[in-house]
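S.K.: Below: one structure in structure tokens.
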Amino acid sequence: MVLIRVIANLLILQLSNAQKSSELVIGGDECNITEHRFLVEIFNSSGLFCGGTLIDQEWVLSAAHCDMRNMRIYLGVHNEGVQHADQQRRFAREKFFCLSSRNYTKWDKDIMLIRLNRPVNNSEHIAPLSLPSNPPSVGSVCRIMGWGTITSPNATFPDVPHCANINLFNYTVCRGAHAGLPATSRTLCAGVLQGGIDTCGGDSGGPLICNGTFQGIVSWGGHPCAQPGEPALYTKVFDYLPWIQSIIAGNTTATCPP
């Protein structure tokens, strides 16, 4: 059964209220403390959260299905139990979506641009990640990261973000793995065909970094996660560049590609 990642996180919470709701990467290892300076945590008052990517001192990119009330955004976090001197908390001043109704599908427009209530400064643990200048190539090695469950379907929640490498496939691989996908899509298909490594649960909204370049946003995949032959889908950032850049430049009525 294919589920949007944040829905899977809600199910995990219902099954395990005693556990902390967080998100990690299955099959990964603890990220190097300096490799995720752009990675943000997004919480609401219930504690549920997604990931996101700082792309500018005032802007974060995440998934549309991560939209929530009372959003709190944390930057500069590594270990949940250890607060860095430069760790920051921000709120969403404005949120932008491709459609005014905030509709999206598993294969289209699952993207949200967040303007922070005030800018952040670069520091030892905080720095933005540049937007891509070119689309990624099939066969690229891509990096995934997050604070979520490292096991599925039962949840295990570490205190530090985990990172892992996966491969970028032709979109047809995901069409073969997941029923109902259209012939074309503004998404990227990535994973490990033998299984065992994957984003999962609430990893939604976090980055897919291919050959060192920010290329995708964690959107959705199979449940349980990390199953053989079931790569996940990621919103293709490159296709939304004009929309992102227009909004940041002040054209808040900019429209997404059809």
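The backbone N, Cα and C atoms fix where each Cβ goes, and this holds for glycine too.
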S.K.: Just choose from CYS66, CYS98, CYS142, CYS163 the cysteine that Swiss-Prot connects to CYS31 via a disulfide.
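M.R.: Looking through CYS66, CYS98, CYS142, CYS163, the record in Swiss-Prot gives CYS163 as the partner of CYS31.
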S.K.: According to Swiss-Prot, the disulfide involving CYS210 connects it to which residue among CYS98, CYS142, CYS174, CYS256?
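M.R.: Swiss-Prot lists the disulfide between CYS210 and CYS142.
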S.K.: Just confirming the record: what cysteine out of CYS189, CYS225 does Swiss-Prot connect to CYS200 via a disulfide?
M.R.: CYS225
S.K.: Per Swiss-Prot, which of CYS50, CYS98 is disulfide-bonded to CYS66?
M.R.: CYS50
S.K.: How many other Cβ atoms sit within 10 Å of the Cβ of CYS31 (disulfide bond)?
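M.R.: The Cβ of CYS31 (disulfide bond) has 20 Cβ neighbours within 10 Å.
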S.K.: Taking just the CA atoms, what is the gap between ASN251 (N-linked glycosylation site) and SER204 (active site, charge relay system) in Å?
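M.R.: That comes out at 27 Å between the alpha carbons.
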S.K.: Kindly state the mean pLDDT of the domain 'Peptidase S1' (25-249) in the predicted structure.
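M.R.: Per the prediction, mean pLDDT sits at 93 for the domain 'Peptidase S1' (25-249).
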S.K.: Using all protein chains in view, find how many other C-beta atoms are within 10 Å of the C-beta of ASN170 (N-linked glycosylation site).
M.R.: 11
